[in-house]
Amino acid sequence: MKIKRYFNLENSRKLERVAFGSVHRNLELTFLSLSLNQPEIGEMSSENRSPVPLLYRRHSSDKIMNNLASVSSSLLPAFGTVVGGDSPPLRKYVIAPYDRRYRWWQAFLVVLVIYSAWSSPFELAFKKVATGSLLYVDLAVDLFFATDIIITFFVAYLDKSTYLLVDEHKKIAARYVTHMMFPMDVASTLPFQTIYRILTGKLHRGEVFGFLNLLRLWRLRRVSELFSRLEKDTRFSYFMTRTIKLICVTLFAVHSAGCFYYWIATHHKISKDTWIGSIIENFEDRSIWLGYTYSMYWSIVTLTTVGYGDLHAVNTGEKVFNIFYMLFNIGLTSYLIGNMTNLIVHSAVRTFIMRDSINEILRYASKNRLPEGLKQQMLAHMQLKFKTAELQQEEVLEDLPKAIRSSISQHLFRKTVEKTYLFKGISEDLSRQLVVDLKAEYFPPKVEVILQNEIPTDFYIVVSGALEALTQKNGTEQSSIKLGPMDMFGEIGVFFNIPQPFTVRSKKLSQVVRISHLRFKQLVQPLDDDAKTIMSNFTQYLKDLKKEVREELPFLTELLLDLNIEQTTQVDESENHEALNYSREDREGTPTSVPLNSFPLRVVIHGHHPDDKTADHKRTGKLAHLPDSIEDLLKLAEKKFGKRGTAVLMADGSQVEDLNALRENDHLYIS
C-alpha cells in the first residue's frame, strides 16, 4: 500500500535521526564527564573556577535574573565550565567581586568620591577650610579609602586571558601592587598635611598641599565605572542614567573652573587688579561663601556664553585662563548637545518611521483612488503594527535560540490550542509541534482577516478579542457565526480545499494565531491516531453547526457524506479509494489538497483521450483518491465511466507507468 510505504520510509528516517541524536548525546556526555573530572574542594585551583556560580550561590533563584541584569559583559564563564550550586567556593578570606556586601561597600565609596570631587578644588581655592572645618572630614574619608586598599588585596579578579576568577592571595596581591592603581590609590589617600604636622609639629599653609589634595580626583574613576555599569543595567532607564551623568560632568566642570579662577585672583600681587577685587574690596577677608558664590556665578555665565560683562578678566593671567576655559566650553557644549540630541532622537525613531509609513499609505491610496473605507483599514493596521511592535512574536524571538522560542510559544499558546475543538484529544507530541509553528497577529476593529471565496492557505485560532463570520446574500452582508477566544475559522476551506465560504471580520482589537495548511499536513501525516481524532472532531463540528449556517453551505451535505464514506471504508481498503468523488463542474478552478494522512493524493480522472476536446467530455472529469496501483485505477475508471481502459495518460499524452511520480491535482486520462 502507498500509505504503508510512506510510513515505512518515515519510520526509517526517524530511526536514523534517533540513532544520530543518541551518538551526539553520548559525545556530549563524555565531554561533560571529562570537564567534571576536577580535584576535590581542598585541591581546587583558581584555574577551574568560573565567575558565574558566585552569582548564584549567594542569591535565591528568584533573585538570579535581577542580579544578572547588572553583570558586566567582561565577566563570562569559561567554555566547559559547569554552572550550578555544586561549584566549589572561593578560598578562605577571599571576596567575590560580585558579592552583595562588597557591592554595597563600593556604592558607599562612590558617595565619598562625590565629596572628594567637591572638596579638592574647594580647598585649593579657600585654604582656610583645608586646615579648619573640613580637615577632620577629610581624615575620615581618607580612612575609608585606606580600608578599601586593604580590602582590595582580598578581592578575586578575572583573568582576561582565561575568563576565570583568580582567588590565590599571592596572585591577587602581585597583580594589585604591580598595577598603576596601587600607587595612585595610596597617593590619593595619604593625608600629606596631617603627616607633615605630625613630623614637624607645624601647620603648613603652603600651596603644595592644596595641589597634592587634587590627587583625590583619581577616585573619580569609581564614578565612571558606576555609570558604565548602570548604563548596562536594564533595571534603570538608560535615558535618565545618561542625563544624570551629563549633569554631573557639567556641575564638576563649573565647580572646578570657578575654584581655579578664584585661586588665580588670590595669588595676584594687587588684589584690586583682579576680576573679583575690582568689585569687592578686601575679598580675601570676606566670607568664604561670598567668594564661592561669585566664582560659581562667573563660571556658569561663561559656560553658557552669556557674558553679561559684570565679571570680566582684568589682568593677563585671568585673560589666559578665560581663553582656555572658553575653548574647553566649546568641546563640553558640543559633547552635551550631541549626547542629548542622540538620546532624544533615539527615543523618537519609531515615531518617525511610523509617520513615514502612514504618509506612504496616504500617497498610495490617493494615487490609486482607493475607497475611503479601505484606506482607513490600511491606516488602522499600520498604527496597530507600531503600537504592538513589542508584542510581535517574530521580532521579539528572532535572535533567540530555538529551544527558548519553543518554550515561550508553549507558555503563550499551548492552552489555547488544546482548548480548540479541532485539537481536543490529540497527542501531547502533536500539540507541542503545532504550537511551535503558530504565527501571532493582531487585527484592529472592522478589518477583514479572510475574504469569502479566497483560496485557503491558512486557518486561524482566536486568542483574544471578537470576530464574526459574514456571508453575502442578495448584495448585503449577513452575520452567520460569532467568534471568540478558543474558536477557529478558515479550517472548512482548508480541509475541503474549497474557496473560503465566509468573510471573517474583527469586531474589536483581536489577537489570532495562524498555521499554514502545508505545515499542518506535514505534522499530521505520520500520526494516524491524531489524524483520525482531528477528522472526528471536525466532522462532529460540522454536524453541530446551526441550521442557518448549514444552509449557507449547500455543498456541506455532500461533503459530510464523503467524510462518512471515507471513515467507514478505512477498514475495507478496496473501497478506500472511491470516497469524495464528485463532478469537476462543482469544483472547477479549486485547488485540491487535504492535509491529513487518512486521505491519499487526489487526482482528476477523465474517461477519454487527452486529444479529444469535444464539449461533452469537458464535463466528465471526476475527482478521486489515487489508488495504490494502475490496475486499481483502471477498475475505478471503469466503475465511474462505464468502460474499460487500457492505459493511463497525462494531459500531454505521455503514459503513466509509476503512480509515485504523480502529484496532487494531476489530470489523468483513461484510454
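Note: Cβ is positioned from N, Cα and C throughout, glycine not excepted.
Per TrEMBL, transmembrane segment is recorded for 64-84, 104-122, 134-158, 244-264, 289-311, 323-345. Residues annotated as domain 'Cyclic nucleotide-binding' in TrEMBL: 422-541. According to TrEMBL, the feature region 'Disordered' maps to 572-592. The compositional bias 'Basic and acidic residues' annotation in TrEMBL covers 574-589. Residues or ranges marked as domain 'KHA' in TrEMBL: 602-671.
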Can you find at least 3 Cβ pairs under 8 Å between the transmembrane segment (104-122) and the transmembrane segment (244-264), where each pair is 6 or more residues apart in sequence? yes
Distal contacts, the transmembrane segment (134-158) - CB-CB under 8 A, six or more residues away: 46, 51, 74-75, 90, 93-97, 102, 105, 108-109, 112, 115-116, 119, 122-123, 164-167, 169, 172-173, 175-176, 182, 185-186, 188-191, 193-194, 213, 219
Mind looking up the mean pLDDT for the domain 'KHA' (602-671) in the predicted model? 78
Checked against DSSP, the composition of the domain 'KHA' (602-671) is 20 helix, 16 strand, 34 coil
